[in-house]
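Novice: Annotated active site, nucleophile per TrEMBL: A:Asp24, in sequence order. As annotated by TrEMBL, Mg(2+) binding site applies to A:Asp24, A:Asp26, A:Asp245. Among the features that TrEMBL reports, active site, proton donor is placed at A:Asp26. The feature substrate binding site is assigned by TrEMBL to A:Lys220.
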Number of protein chains: 2
Amino acid sequence: MSVKITTKEQAQKFLDQYDDFLFDCDGVLWQGNHLLPHVPETLQLLRDNGKRLIFVTNNSTKSRQAYTKKFEKFGIKVNKEEIFGSAYSAAVYLQKVVKFPKDKKVLVVGETGLEEELTEAGIPWLGATDAAYNRVADDEALSSIVRDKSIGAVLCGLDFHINYYKIANALIQLQDPETLFLATNIDSTYPSHGKLLPGAGTIVGTLETSSGRKPVALGKPSQAMMDCIKAQFEFDPSKACMVGDRLNTDMRFGEEGGLGTLFVLSGVDTEESIKKEDAVAKPKYYADKLGDLYELLKN
Amino acid sequence: MSVKITTKEQAQKFLDQYDDFLFDCDGVLWQGNHLLPHVPETLQLLRDNGKRLIFVTNNSTKSRQAYTKKFEKFGIKVNKEEIFGSAYSAAVYLQKVVKFPKDKKVLVVGETGLEEELTEAGIPWLGATDAAYNRVADDEALSSIVRDKSIGAVLCGLDFHINYYKIANALIQLQDPETLFLATNIDSTYPSHGKLLPGAGTIVGTLETSSGRKPVALGKPSQAMMDCIKAQFEFDPSKACMVGDRLNTDMRFGEEGGLGTLFVLSGVDTEESIKKEDAVAKPKYYADKLGDLYELLKN
């Protein structure tokens, strides 16, 4: 049974249990372009109490560095090391989990976030926003596609510049079972521009369908991402709490990782959703919004 | 138990049973750019015996008219009316099966084959190769996407010019459950340029994943295509035979439609595949190649 935090005592007891707080961003800190109430104050209160903050996002189109600008826009100060995006997750996974060979390259289907994180990690890559891949899939282009043995992995994320040539080229690499297949995340849609637009899962799906292979997904709720976070931050899961607005990604992610969970009602899922018999996750705590912690504890 | 046709008597008995012959093309008539032995002679022999020929292809990038040129290149004379491609199948389905309303338009994700067949059937369409859809998915483009109530169906096939803007725009139309969702076919790959390239199913899959909807598929082995062929040609299935090289498309297509089936070993699947316990289809007849009919019957 999830406990709703509505009193100062409950809020204090909740705080005392955890040293590390992992946050989903959209629906928790902000909603689209709108900052949610008392978010900066709550984050400051956590910092003042010596808590460590980690911001976890499936957005792979921006690097951690670029993502700090989004926080700045809302007047929230964070440093790059507090952000854990799926592009960075992919770089950590390649470096620390699979120990990607130094003589191989990663073929990237995606945006600059992936380029920047791989470059920073010293992992050679090709593809992504390179203009040579922005190519019409005519006979010449399709004839030119061959298996490139220097490619050891295909890493696919949301790509606003997807085209048939890129899909075909990545497929030919994946037809070799020695090529790793990684996905930043497999969200089918994401909210943007006031609507639900095709998510990374849509782009990844083109390679899944054509290759008949399943990728290792490096975003929530995949535990591969949790493994990367644990490898990076070294924390005790029982003293960490995942905060999020979605049961099937954030709350499952925290639960399966052995963390405490705080579900907030300021995003996608509702209070009813956690009361269903077949709910995909049963959060330990929930609250109307993250800012309630500050409102309850400020005096 | 499938009967292998190896004698003149068997070939004659086979021929006598059927009035109509439906042919898959690649792997039956030709292999890539290479005509298979005695194909023109076999087709002529069937014509001389008063048989009706129907060439069935999942290729939606070419209209029937354009597809006749492929036959001509191999020295085979066919007329447009003998060809049944998945683009034409879609037009027939819209016209005869769902009786698509005259005041609605079809949003096409695909190539000129779809444009030409819809235009010939008098069905208004938009999208396809129109340069306005060859658009970078920037903020302006994504902001401009709205549900267009004049669109009554999204029809998706293989699209060598796929881009994120097209996928997003089609998705927004499909989020309205009143919009029909049609696919020319859902083949995950197709052989071309000496390799297996992403098939229509790869493009269709982007819309399936993001919308959570299943399309009506109008290519083999979908019986929606068989219904369209039957609506067009009015034949007795028990007096018709489907000839093909693939069990999971051609042979299933014929079997489920109540037709006789002839499996040829000149394409994708092998003799072993029909002897498996769990074979997806059990062809009535099989032969090394289509040309065997001519070779056995010529004297």
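Going from the start of the chain as shown, residues are counted 1 onward.
Positions of Cβ are set from backbone N, Cα and C atoms, glycine also.
Burial and contacts for the listed features, if you can.
Specialist: Taking the Cβ of A:Asp24 (active site, nucleophile) as reference, residues of its chain lying under 8 Å away and at least six apart in sequence are, in sequence order, A:Val56, A:Thr57, A:Lys220, A:Met242, A:Val243, A:Gly244, A:Asp245, A:Arg246, A:Thr249, A:Asp250, A:Gly267. DSSP classifies A:Asp24 (active site, nucleophile) as coil under the three-state reduction.
The Cβ of A:Asp26 (Mg(2+) binding site) lies under 8 Å from the Cβ of A:Gly32, A:Thr57, A:Pro191, A:Asp245, A:Gly267, each on the same chain and at least six residues away in sequence.
Counting every protein chain shown, the Cβ of A:Lys220 (substrate binding site) has 28 other Cβ atoms within 10 Å.
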Novice: From the centroid of the CB atoms of A:Asp24, A:Asp26, A:Asp245, the recorded Mg(2+) site, which same-chain residues not already listed sit within 8 A by their CB, in sequence order?
Specialist: A:Cys25, A:Gly27, A:Val28, A:Leu29, A:Gly244, A:Arg246, A:Asp250, A:Val264, A:Gly267, A:Val268
